[in-house]
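S.K.: Can you keep this structure in mind? I'll have questions shortly.
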């Protein structure tokens, strides 16, 4: 059954209001507490613990397949302990007392976000890296635990199991954000709040697996379809059924299990507007890659190279410690096309400035490798790129409805 544009818009509005009501304070508050009060102490302390020889030796011996992946161990450990302890606390309180007070729900959300957003950031960063690299862990870990953040703890962060190794890798990356991607946005004005509401609905379909399952089924990718469907069964049937059985509380399931999905739907929609918000079409109609994927350098909130979304798409195998050198090797190309490179801000800030249409602010952070543009010229260019479209929203939705999108990406066999 077709869903009208008005209904999609309304759903986007409701999810956005929900984010403001339940998540804006924990996300902004935990970010500001760390940035303005604790970062001076937190950064050197993190560096000290992250480089602790005993931790890295343990990770190399028992956890990761390659020594370089030891970089991920400390933050993964802290995040796993943090969300595990927080979840066990609210679960025990619910079982013992029969309900959760508002102060405890709020405290759980703050722990879920983590200081500076590090808990939610690490949970998604590691799910992302696990999805891209099935060999990241040692064989015994893969056989017994599997992808810890993508398929285990990820359900507490609104992540459908197997979503990254199926939809993210085999749709988003294979299409690089183009037509058919479940995160597609180049039929929208990325500086329009109204268009963003429609995008939130589209990302909801991605987060729940609906649009990805449809893509896999209609393009003949049966293996991917079955794997993601199994993940959907875990997320939407088995886990909530177990929680209902344990807590006998629908409100617990809603506030502790469903709300993170709603939060991340809005949050990932916002971030993805920033990661792929600029578009420049070449004379032959193709889009220019160094423009359509954003890169942030010298940002405060980078998580193992996630800020460089251009390299992530077009040089995926480059390790995060090698990104700087790989970036330098492409400066001539960046200068030629006036690439979407920014500095000294976070992807969240970039996305907010973009959605607010504050192109003057974005121009202050734009890195002009060509050295030929004034700030007003940069602002005008960014505005034009943010509003550039491959087609209209209605045209793209019609292509989806008719099946034309899926015909472009048909597979005869996997």
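Yeah, the Cβs are placed from backbone N, Cα and C, and that goes for glycine too.
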S.K.: Quick one: which of 28-49, 50-71, 72-93 does TrEMBL have down as transmembrane segment?
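M.R.: My reading of TrEMBL: the transmembrane segment range is 72-93.
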S.K.: Can you check which of 7-25, 121-139 TrEMBL lists as transmembrane segment?
M.R.: 7-25
S.K.: For the annotation transmembrane segment in TrEMBL, which listed range does it cover: 196-216, 217-237, 238-258?
M.R.: 196-216
S.K.: Match it up for me: which of 100-120, 142-162 does TrEMBL list as transmembrane segment?
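M.R.: Checking TrEMBL against the ranges 100-120, 142-162, the transmembrane segment one is 100-120.
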S.K.: When you scan the chain for residues with a C-beta under 8 Å from the transmembrane segment (100-120), skipping those not six or more beyond its ends, what do you find?
M.R.: 22-23, 25-27, 29-31, 33-35, 38-39, 42, 75, 78-79, 82-83, 85-87, 89-90, 93-94, 156-157, 251-252, 255-256, 259-260, 264, 267, 301, 303, 348
S.K.: Please give the sequence-distant neighbours of the transmembrane segment (72-93): residues at least 6 beyond its ends with Cβ less than 8 Å from one of its Cβ atoms.
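M.R.: Answer is 46, 49-50, 52, 55-56, 58-59, 63-64, 100, 104-105, 107-108, 111-112, 114, 118-119, 122-123, 126, 129, 148-149, 153, 156-157, 246-247, 252, 256, 304.
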S.K.: Would you mind listing the long-range same-chain contacts of the transmembrane segment (7-25), meaning Cβ under 8 Å and 6+ residues beyond its ends?
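M.R.: Non-local partners: 106, 109, 113, 194, 196-202, 204, 259, 262-263, 265-267.
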